[in-house]
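Novice: Pasting in a structure now, in structure tokens, and then I'll have a few things to ask.
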Amino acid sequence: MNSEDRRPAGGDPRNHRTGSDGQERAVRADGGTDSDIEATIRENDPALITYVTAGDPSLEDTKAYVEALDRGGADLIELGLPFSEPIAEGPTIQAAINRALEAGTTPDGFFDLVDDLETEAPLLVMTYYNMVLQYGPEADVRPFVERAAEVGLSGIIVPDLPAEEADPLRAACDEHGLDLVFIVAPTTEGERLETIMSQVSGFAYVQARLGTTGARGDVSTATHESLQRLADYDVPKAVGFGVSEGDHATEIVEAGADGVIVGSALIDIIADSDDTAEGVDRLEAKATELKAGAVRGTGDGRPDPDAPEPEHP
Amino acid sequence: MSTDDRDADPTFGDYGGQYVPEALMPALQELEDAYERYVLENEDGFMDEFRERLREFGGRPTPLQRADRLSERYDREIYLKREDLLHGGAHKLNNALGQVLLAKYMGKERIVAETGAGQHGTATAMAAAHLEMPCEIYMGRTDVNRQRPNVYRMRMNGAEVNPVDAGSATLKEAINETMRDWATTVENTHYVIGSIVGPHPFPKLVRDFQAVIGQETREQIQEQAGRLPDSVIACAGGGSNTMGTFHAFVDDEESAELRSTDDSSGQSPREHVGLYAVEAGGSSLEIDEENALAPNSATLSTGTDGVLHGAMTKLLQSGDGQIMESHSVSAGLDYAGVGPELSHLVETGRVTPVSVGDEAALNGFHRLSRLEGIIPALETSHAFGYLEESHGDLGDLIVVNVSGRGDKDLETVLEETEKRDLEAAPDVEVFDGE
Ligand SMILES: Cc1ncc(COP(=O)(O)O)c(C=O)c1O
């Protein structure tokens, strides 16, 4: 499949090192920009964001799977660095994390994998705060962020780090030009919402429903309400937690999201496949389905940001 | 120095904080608000009702008993704070009753809790039945198997018990699963956490509900012995029993400043009360880094700083940050973390962390049972193991908190005793009918 084929009509060619949305962004030491993630989502709107756990069932397989997702149309790829106590995850990702830990996945192995990967899609690391703190001799976030920047990661998501506790990580991410993505939950409202939205960079991760990660059969109404609360904030919004099918992606994009995040449904494929080759084919096909579903959502019903204000008589 | 308990402050020195998924943050804010209003300011008479219920339903105050045989054995005054006589058989009811009542005042409709030894689960199930609240309890499969009597008791009181199979299937995994439940149901559910662990304000809230242990002890010992004790000993899992017992004594410290003032100043130096947190030394204090296994639960003695279950605290973890599987013969101490306030008090030198292994705890269990007619929980038995080893260094007047009674542990004790040659044990073979 030619990479041109999977872009929504009119989309710009991707180059995650250069923003092309006309916004001014600080140029990093490596020549990149402050937010390749935000630029990527805006350029590929609606963006497909995929998650897999690194090391499930081995780092080698993860490399093949990530490349398959990249070919299939993922615009951003989250890689989970496994932590033994994943309190935000449901059974599917918990099991993937256990498999990865049993396979001996370490932070260094993880970073080496990222270093080795050549994807068009920018990569983000998703992990828990203790893993960030312990990479280095003392409990300090900086060595982790430094290494993340070195291997070319574009951003970090830490589900157990609320905005209130994020100052040290925020500072380190700013210093190294990494985005720090925050989750907005169905319970996030009022002042908390403002605090988070003032901290978000890259995109706002809109949690589709209360609870943990895990593929579901429907799109929660909480998604629509959350997107409405966020409508006035000028940051890309991507919806995750429970998305498993192209039709969900359509519905989510119709509701106003700029991106769709899928994890557990991909892990299910990895866990069910007889071998890596089968997994690779199925993941690529799944990514294509999800991306097409998302693009379908840009048809009727989706608010067009460039449309002139409707005239009222 | 004193423990930092400015109430709005989510930290104790470097420890504490709120490291939880975003979905739970509004619930923590709501709880902070309820803590300040009801617990600290007694709004709507909350604390009056709590104390009244502790008295009538719980059976407080519990006695401070002089232990004659132990006093004789160690040639010093040994007093026992009898939390095993609290309703349910452990100190855990103080906190469970407080939190279930608070949940009612907050208008919550459902309770979830985790439990290790089962005593917190039992206490929560009792409080929930007493206050008419639906209640669901998560318990590691390993603990379900070694604490069956408590599983029955919880179910008798109408609670649902959900076994958790992940990891070593003990307390840590039960907490993970309860947090997941809470993250799904947070809008109408309160999580009754069982120790001084978790995100702010739980460590302060639980400590305040447990502080009654030390407040009573302080009054009772002054009345009965005419002075404050030289040492107070309590076992530490998460740390609610220790902080509950220690809190009223934290400021009883001979400060360097007072010590250097001569008598003409008219100020007499404060009495110094030594505070000893006894952790589970398990089978060894050595750690198997490669397999991320700690054959102990001695977090304060051997742990390093990190974030687990919502707080920055001391943890048993690998160099990479993976939490280790811990071990103790007692289910209630078998936890790789510990309360942030206790970590802070250890860091500042106010609390002394010590540890006692499985075998010394089992001996402590048998010794107390034989000498004093009190069958202690295996958790508590660690404190008596430490008393046996170190009484010579603890002064003339010692208080030990009997955190719970040991009925729940009889099967484990028989099994573990049979494997060993314990000096304090009776002949356990006769228990098999020989
Ligand atoms: C009788 C008893 N003592 C002590 C503990 C240890 O917990 P904590 O350190 O929170 O008091 C437990 C926990 O289940 C217990 O049941």
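Every residue, even glycine, has its Cβ placed from backbone N, Cα and C.
Bear in mind that TrEMBL entries carry predicted annotations, made automatically and left uncurated.
Got these off TrEMBL a minute ago, pasting:
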type: ACT_SITE; residues: A:GLU78; note: active site, proton acceptor
type: ACT_SITE; residues: A:GLU89; note: active site, proton acceptor
type: COMPBIAS; residues: A:1-28; note: compositional bias 'Basic and acidic residues'
type: COMPBIAS; residues: A:299-313; note: compositional bias 'Basic and acidic residues'
type: REGION; residues: A:1-42; note: region 'Disordered'
type: REGION; residues: A:291-313; note: region 'Disordered'
Novice: Could you state the whole-number distance in Å separating the C-alpha atoms of A:GLU78 (active site, proton acceptor) and A:GLU89 (active site, proton acceptor)?
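Specialist: Their Cα atoms are separated by 14 Å.
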Novice: In DSSP terms, helix, strand or coil for A:GLU89 (active site, proton acceptor)?
Specialist: coil
Novice: Around A:GLU89 (active site, proton acceptor), how many other CB atoms lie within 10 A of its CB?
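Specialist: I get 27 for this one.
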Novice: Could you tally the C-beta atoms, other than its own, that fall within 10 angstroms of the C-beta of A:GLU78 (active site, proton acceptor)?
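Specialist: Excluding its own Cβ, A:GLU78 (active site, proton acceptor) sees 26 Cβ atoms within 10 Å.
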